[in-house]
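As given in TrEMBL:
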type: TRANSMEM; residues: 118-137; note: transmembrane segment
type: TRANSMEM; residues: 157-178; note: transmembrane segment
type: TRANSMEM; residues: 190-210; note: transmembrane segment
type: TRANSMEM; residues: 222-247; note: transmembrane segment
type: TRANSMEM; residues: 277-299; note: transmembrane segment
type: TRANSMEM; residues: 311-328; note: transmembrane segment
type: TRANSMEM; residues: 348-367; note: transmembrane segment
type: TRANSMEM; residues: 379-401; note: transmembrane segment
type: TRANSMEM; residues: 413-434; note: transmembrane segment
């Protein structure tokens, strides 16, 4: 598939080895780089990890590195590369590739990696900061396209409030989570995780989408609810396709410009020990600043019961939702059964995150209907917007959907989407629509 192959070619000249080679010290399984026609099991494993693999990235990085150092002491100073044919690499790159050791030349000294504890701290800090930024962006898009400004979206329409955010997030996922993912990883591994899993995962929300359809069904507008799901799925799916195609066009322009210039070493490399430490400190500082500002503003707005109070409370709990989703992503590609031989193509982590967030969202909506006090509405709405909005995701969902659609088994994409929507809506109907209706 030509559309997939082109994703792997980085725009920087120094990244040619990154996209076409695999270091002996990398933890990326060889089977995941091979075409689906060579190994169907490996293909199933690959598409289910197209969006995220969570902290398995860090675990494999350190466990594999320790094995290599035990058996090959020479790898303490240099890495050995073995080239693979560029035309058989697959895309989108899974998050498992993000924290792998770089495929350097044999003459280069391999950079020391952060200790495992510091890598966890850095990942969590990046996820939290970008997750808060994603939630704030979602809030701004709600207001911009909502009934008070552009009057495009509304609560009682199939054009639900979170539709613009889901479309924008899916479009950007095509850019930064598929086509340019390798380039961003070259600059900063943690930045790539923060952008794709943190920012884009929190900018989009599946639970908010599901809840708006539950509201329509509870009001007896079942046709609108069905159309809302179909409309939302189509627009989000086409948004990531449009993002991938436009990013490929932009990459072509950059490569054409670069081909006329003398090749030189790129100065954008930031994956060094010192810069990773500096990046971690910066993210921790920003996280503390965001939390302090959110807490201060929440105290001012809480008694008023405004949407701003819900926003600031949501910012305080947004990081928790992102972290839970990231840890659940370790289940992607694991499959079911004793040896994981069943349904390895299903991203169980993303599925659980979306269904769980949608179910809890419905429970809190039922609570708001029952209690109906300003304090309860503010707290419940803030948790819905921040914690559950960031726990669920559409951008990762669409990345997995698109990877399945471009695989040898495109029907899996629609089966996965239908199952996610059907289970979430059924759980929500039991929890919310039946009692409220």
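All positions are counted from 1 along the displayed chain.
For all residues, glycine too, the Cβ spot is worked out from N, Cα and C.
Of the Cβ pairs linking the transmembrane segment (222-247) with the transmembrane segment (311-328) and spaced 6 or more residues apart, fewer than 3 are under 8 Å, so the two regions do not touch. A contact between the transmembrane segment (118-137) and the transmembrane segment (277-299) is present, since 3 or more of their C-beta pairs, 6 or more residues apart, lie under 8 Å.
Spatially, the transmembrane segment (413-434) is not adjacent to the transmembrane segment (277-299); fewer than three Cβ-Cβ distances between them are under 8 Å for residues at least 6 apart in sequence.
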